[in-house]
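Peer 1: Take a look at this one; I'll ask things after.
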Amino acid sequence: MPHRRILLKLSGEALLGDAPCGIDPAVLNRIAAEVAEVLAAGTQIALVIGGGNIFRGAGLAGAGMDRVTADQMGMLATVMNALAMQDALERIEVPTRVMSALKINQVCEDYIRRRAVAHLDAGRVAIFAAGIGSPFFTTDSAASLRAIEIGADLLIKATKVDGIYSADPVTHPDAVLYPRLTYDQALRENLKVMDATAIVLCRDNQVPLRVMNIYEPGALVRAAAGEDIGSLVESEPAESEPKE
Ligand code: UDP
């Protein structure tokens, strides 16, 4: 396989499907089946799951809650989503470990990098929960950080649209898809790929980032197999010779 080890970032919203909040079991099961397919094809896969379908710290803080408490609730929401994904994977007999950046030992393991890598090498799916364990961060940043730590050769960000567009394709029908772009272009044009911290981490550590539509059946399997779908964010192309 072109990719030995990938990290998939799923937002909480990806699990929503048509449900108003929480998790749509049909969507959860379909994504779990695709993760199983990626693993069966020979690519190690780790997941970082967001919590936006349940709580986002910024939203709660906007309603008056203390921001740190709100972010802690957001991190706990990601643990719930991680447990749901573990359950869906284990129902189809995919060995899985949830590893949390917050200590919740009755529920799941702590995140320990060496152990995470050992799980992946043993053919298990590792699901990283609770972001990085600190407030004022997002699970996008956690995904970049964990991808770097475990030596993933690709970070896949699953979204609701086909890739990165010049503007929001839902509100701007004339927006164009960028098949390839650099980290700096994504930052400069504020393309809302991932938050800036996450993109800078990828840029500074040379982790290629593919953005694709998780609602398109089979897209995850194809992206993991190295197919050029969605948008790829990577380093600057080699500079051409300066003109005299
Ligand atoms: N969060 C946090 N630290 C982290 C990761 C997440 O405080 O390292 C909190 C934050 O409040 C965030 C919430 O958890 O809003 C859910 O994560 P996120 O918004 O990234 O979820 P997604 O948008 O991917 O569903």
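Heads up, the Cβ atoms here are built off N, Cα and C, so glycines get one too.
The ATP binding site annotation in TrEMBL covers LYS9, LEU10, SER11, GLY12, GLY52, ARG56, THR159, TYR165, ASP168. Taken from TrEMBL, the feature UMP binding site covers GLY51, ASP71, ILE132, GLY133, SER134, PRO135, PHE136, PHE137, THR138, THR139. Taken from TrEMBL, the feature domain 'Aspartate/glutamate/uridylate kinase' covers 5-213.
How buried are the listed features, and what sits near them?
Peer 2: The Cβ of THR159 (ATP binding site) has 23 other Cβ atoms within 10 Å, all protein chains considered.
Sequence-distant neighbours of GLY51 (UMP binding site) (same chain, six or more apart, CB under 8 Å from its CB) are GLY12, GLY74, MET75, LEU76, ALA77, THR78, MET80, ASN81, THR139, listed in sequence order.
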Peer 1: Considering only the binding-site residues GLY51, GLY52, ILE132, THR159, ASP168, which possess a Cβ situated under 6 angstroms from at least one atom of ligand 1?
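Peer 2: Those binding-site residues that pass the cut-off, since their Cβ is under 6 Å from ligand 1, are GLY51, GLY52, ILE132.
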Peer 1: For the binding-site residues listed here, LYS9, GLY52, ILE132, ASP168, which shows the highest count of neighbouring CB atoms within 10 A?
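Peer 2: Of LYS9, GLY52, ILE132, ASP168, the one with the most crowded Cβ is LYS9.
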Peer 1: For the C-alpha pair, I'd like the distance in angstrom between ASP168 (ATP binding site) and THR138 (UMP binding site), rounded off.
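Peer 2: Pair distance, Cα basis, whole Å: 21 Å.
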Peer 1: With UMP as the bound species and GLY51, ASP71, ILE132, GLY133, SER134, PRO135, PHE136, PHE137, THR138, THR139 as its recorded binding residues, calculate the greatest Cα-Cα distance and give it in Å as a whole number.
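Peer 2: Max Cα-Cα spread across the UMP binders: 14 Å.
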Peer 1: Taking only the binding-site residues ILE132, SER134, PHE136, THR138, which one has a CA atom nearest to the CA atom of GLY52 (ATP binding site)?
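Peer 2: Nearest by Cα distance to GLY52 (ATP binding site): THR138.
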